[in-house]
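Quick notes on the structure that follows.
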């Protein structure tokens, strides 16, 4: 079988104007970005406001493994198959970050014959939204440091006289706004800036990956341009010497930041290998951010299609939990069905049983022990009141016997049902049975509910997430987190939802604990306010908001030939 990029390159794309026309978009609602991409105007949702929303399907998975479970493959394959079955479907996915593209994970266009094309355009730059987020974010960092420099240089009174601005009295030890870059760069996690006589007071800072920027979350959670502007204004960049928040609005930089991101608020339309529509918009990671594509993309797709298929990052304890308790809480657009993706490899890897045997070979013991992880995720999604369909993503090495055992085992769970998907190797034709089952699930009663109410305390929300969301017995807070919790309560941020940043490789905080961890304490090391996005991030265990490159990163395989064709992109 050809590589993903070879399959993408061998395919002749339809004009993106044809994709838009088939979806029901008007010519003046498109801003073309070459032949294969178009920005979509937010006016679409207004034009079709009276139209009933499509059924929403959310794709999640079991606890991730290094082998990959195939959420995006399933999301795209399901969309392709629904359209083949005569159901008008549209996919909504996140924009890939170049950090993972050149790191270990690779791109995020799907794979095989279930991918968004051209995959190299999707995985590299797309329409520049991530760059806009980076630029707007780093403008705020430059602005707060410049203000600190001038106020320190002149003193508060002289600064006000010379500038006509009120001194903010920034506490250099409490500048909360870090910088971002769209690459994995561990050496920038903790830095000091301001060295040199004319470069401002020295203070600690650091870089996060752009996908972890609060601006990326704001882009994903905003309803329109006005909402984007208001949210950016609420960003808390630093504290003053009295411990009070200094916002982007107070600093006077919110308007300029919004201008940089004005085009980024429009979703990008591309197509699958079958010529089906796919919106790509926003790219927050699910382990260190809220892990879902934008509300705006969903809102537009909901007025154009009969079914919208979107995905949440990593396992259901990560992206799906945040989809439910953060994204749906904001949008009010609840799912009618969910899909939990699983592979035989994932179950064996999640068994926690050490074995020298090739994981591609039959192994009944590991499969049966690892099944508990799948059942946990089925139960986890079910508690939100959404029908669960299990998509068994088939690999060529899978045996019929193990697949049949798995299907029978799933029949004894709370799942609506299960189907084997071969979308990777067969495209739409490989997922028609799955598409039929998922569509039937969307037609059954769904009683979606949130895990906690907004009016409960942050401490109560943390306990609920720990105990009900992860199976922990208790929560422990570091001294730093306790102090931050008190500050948040004092400044009336207690009703915000929680975004837990933790390892995705275990339901717990420890990536080495497989299966279904129980009886553990969830250690909260830090609480970060995201006043603009509208949530509080709780950092758990040893999680990092800036990844690092591995010993053999993906960029080693990437090059360009004499004809200008990219090679080695995964």
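We count from 1, first residue shown onward.
A Cβ is built for glycine as well, from the same backbone N, Cα and C atoms used for every other residue.
Residues or ranges marked as ATP binding site by Swiss-Prot on the basis of sequence analysis: 65, 66, 67, 68, 69, 70, 71, 72. In the three-state DSSP scheme, residue 69 (ATP binding site) is classed as coil. Sequence-distant contacts (6 or more apart, same chain, Cβ under 8 Å) of residue 69 (ATP binding site) comprise 61, 62, 341, 342, 343, 346, 393.
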Count, for each of the binding-site residues 65, 72, the other C-beta atoms lying within 10 angstroms of its own C-beta, and report the residue with the smallest count.
65
What are the non-local neighbours of residue 70 (ATP binding site), defined as same-chain residues 6+ apart in sequence with CB under 8 A from its CB?
61, 111, 341, 343, 393, 421, 424
